[in-house]
Amino acid sequence: MSLLKLKAVPDPDSNPNDNAKKTQTIDLGNGSEVVYVPRFVAYDDGWEFFNYLDKHIPWTRPTLRVFGRSCLQPRDTCYVATAGLPDLIYSGYQPHAYSWDDFPPLKDILDAVHKMLPGTRFNSLLLNRYKGSNDYAGWHADDEKLYGSTPEIASVSFGCEREFFLKKKSRKSSQVLERSDEGPPSKRLKKSNNVDQHCFRLKHGSLLVMRGYTQRDWLHSVPKRAKAETTRINLTFRHVL
């Protein structure tokens with residue numbers, strides 16, 4: 001098959017007024033920041049990538065070890081990384097690291113992310129596929145030591161729109177909650193001006209970036225939603241030290 005290419009992504013230099021209106025930057029305080037770009041990948045290009053990823057990525061649904069018991073991860077996953085990096089291990093699971101060369105279209109998306117975020121140098125990618133309303137990501141922080149103390153994580157979404165929540169860590173959660181897919185968030189966060197919680201509806205083709213001390217001080221989740229009947233594919237680019 002012919003390689004997919006990004007034909008149009010927002011470029012801060014080519015159309016600054018349009019992009020400035022669409023890009024949201026949220027200062028979470030104490031050195032934490034989130035940037036959201038609703039239209040990072042053009043609509044039709046996004047569906048081409050979605051179809052490629054859905055069909056060609058070797059998805060797996062691993063068994064995790066959470067709080068002393070085994071449970072099936074509530075979404076499909078795949079891991080891609082540059083050769084020679086330390087192994088990724090979370091909740092007792094070590095995914096196989098595929099090469100960027102195994103899936104060339106992923107390199108095109110990586111190049112587009114680097115262009116949008118000058119100075120970044122991502123070398124690993126965790127892909128997640130949510131196949132319906134019952135697939136989710138429980139409250140967690142991506143604070144594994146191999147990402148360093150202030151990891152920058154760039155998240156690109158394709159397919160079904162899903163809500164993405166951020167909430168400030170409590171002292172208790174900072175101590176006991178490292179990475180948990182044991183259960184979904186039990187309640188919908190109320191929409192408010194509370195600076196300790198934020199909600200984003202991640203659109204098809206969008207980009208969300210977490211920076212600074214976000215992983216140290218905040219938790220995030222993608223909860224179950226009854227109306228989320230179709231598939232969402234999410235790519236999270238990270239830099240492994």
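Numbers here mean position along the shown chain, with the first residue as 1.
Any Cβ shown, glycine's included, is placed from N, Cα and C.
The substrate binding site annotation in TrEMBL covers Phe67, Gly68, Arg69, Asp143. The 2-oxoglutarate binding site annotation in TrEMBL covers Asn128, Tyr130, His140, His220, Arg232, Thr236, Arg238. Taken from TrEMBL, the feature domain 'Fe2OG dioxygenase' covers 121-241. According to TrEMBL, the region 'Disordered' annotation covers 175-194.
Straight-line distance linking the Cα atoms of Gly68 (substrate binding site) and Tyr130 (2-oxoglutarate binding site), rounded to a whole number, equals 25 Å. Here the Cα atom of Arg69 (substrate binding site) is found 23 Å from that of Tyr130 (2-oxoglutarate binding site). In this structure, of the binding-site residues Phe67, Tyr130, the smallest number of CB atoms within 10 A of the CB marks Phe67. A gap of 11 Å separates the Cα atoms of Asp143 (substrate binding site) and Arg238 (2-oxoglutarate binding site). Take the CB of Arg69 (substrate binding site) and look out to 10 A: across all protein chains shown you find 8 other CB atoms. Helix, strand and coil residue tallies for the domain 'Fe2OG dioxygenase' (121-241), in that order: 13 helix, 51 strand, 57 coil [DSSP]. Counting only residues at least six positions away in the same chain, the Cβ atoms of Arg129, Tyr130, Ser157, Phe158, Gly159, Cys160, Glu161, Arg162 sit under 8 Å from the Cβ of Arg232 (2-oxoglutarate binding site). In sequence order, Arg75, Asp76, Thr77, Ala137, Ile233, Asn234, Thr236 make up the list of same-chain residues 6 or more apart from Asn128 (2-oxoglutarate binding site) whose Cβ falls under 8 Å from its Cβ.
Sequence-distant neighbours of Arg238 (2-oxoglutarate binding site) (same chain, six or more apart, CB under 8 Å from its CB) are Phe122, Asn123, Ser124, Leu125, Leu126, Asp142, Tyr147, Pro151, Glu152, Ile153, Ala154, listed in sequence order. On the 0 to 100 pLDDT scale, the domain 'Fe2OG dioxygenase' (121-241) averages 87 in the predicted structure.
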